[in-house]
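**Q** Dumping the structure here so I can ask a few things about it.
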Amino acid sequence: MPLQPSAASPTIGDTLGALYIGSVLAAVLFGITNLQVVIYYKKYPNDWWFYRYSVALLWVLDTLHIVLSSHAIYFYLIDKYGDLVGALESNNLSMKLQLDVNVVIAVYVQGLYAIRLWKFGAHLHRILQWFVLLAVAASLGASIFVIYDITVVPNLISVSTIKTGIYTFSGTLAATDVIIALTMSYYLHKSKMTTVFSSTAGLIFGLMRLVLTSGLATSACSILTLITFIVLPESLIFLGIHFTLSKFYVNSLLAMLNYRREKRVKSPDTERAGQSLSAILQFTPDCFKRTASEANVSIALTEIQDTSTLDSKLNSPKGTIDSEGLN
């Protein structure tokens, strides 16, 4: 039965207006994403191949999300201009696909954080690493569930009927963000305790704040989406907020990756220390098991011999002629 306009029907501001504002904010954040991608490839051309390819893939997916969301907004505001009921009852493929891409980006970024903690978390107990992986797996399962619901829902006005999928996905995503942020902060805190250089310790402390802020931003976006859906189920404000979700995830990851190199370049003390922030973040568990004989010492043997010869000359008594001193 077609939707009949009434006093209780949602207004254009609560529906299409919310989608428009969300798309504008997403476009602004996408501009920041482009800037961060350029900075990343400029400063980290030799970063781990998996990160380099992942950043490229995330940029492609984020671009696709902008294209799909822009087409959806054009359809609702231009093609269906003046027909709010017809717009809400229309089955637009671009809207569904952009929601799916949004979900995929969020879970993929969480997976990257989990891989980083698993690969480089030398100070983490294996149980804690498994706990993070299980949290990301839960997000993946919730994402598959909500993607299926998005696929079968007929139109925008029926989105409020998939409550279970939205509740599960938003709640699981927010909880996983908090778990990842706290785990990474704990790992960085342990790395800071093993660092003897104050400048490097300061960089790690700054990265801890960045991780917590990023985790707070992404989890807040998911929680706000959930709250607006519960409080205002007949409006599309929660979808407008959801438009920006992938942008927060991509920018949080890029900010963390770019922070390492940027802060190291600006800190000469860190360069002299020889253990930059990037190196600390990339220690593997095997690094802490190496013996001193495995270390790569770059002092030439002749310099050591010259130093020992000089010490013997200085310690020789007066009147004693060192045979090497005549050479």
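Cβ from N, Cα, C; glycine included.
Note: TrEMBL annotation is automatic and uncurated.
Per TrEMBL, the feature transmembrane segment maps to 20-41, 53-77, 97-115, 127-148, 168-189, 210-231, 237-257. Sequence annotations record features per position, and here TrEMBL assigns domain 'DUF6534' to 174-261.
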**Q** Across the domain 'DUF6534' (174-261), what does the pLDDT come to on average, as a whole number?
**A** 79
**Q** Let me spell it out: take the transmembrane segment (53-77), skip the flanking residues so only those 6+ beyond its ends count, and list any with a Cβ under 8 Å from a Cβ in it.
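**A** Distant Cβ neighbours of the transmembrane segment (53-77) are 16, 19-20, 23, 26-27, 30, 33-34, 37, 40-41, 87, 90, 92, 94-95, 97-98, 101-102, 104-105, 108-109, 112, 243, 246-247, 250, 253-254, 257.
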**Q** Count the CB pairs under 8 A between the transmembrane segment (210-231) and each of 97-115, 168-189, 237-257, then give me the winner.
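**A** By Cβ pairs under 8 Å, 168-189 leads among 97-115, 168-189, 237-257.
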**Q** Go through the chain and flag residues at least 6 beyond the ends of the transmembrane segment (127-148) whose CB is under 8 A from any CB in it; none is fine as an answer.
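**A** Same-chain contacts beyond the flanks: 100, 103-104, 106-107, 110-111, 113-114, 117-118, 121, 162, 165-166, 168-169, 172-173, 175-176, 179-180, 183, 186.
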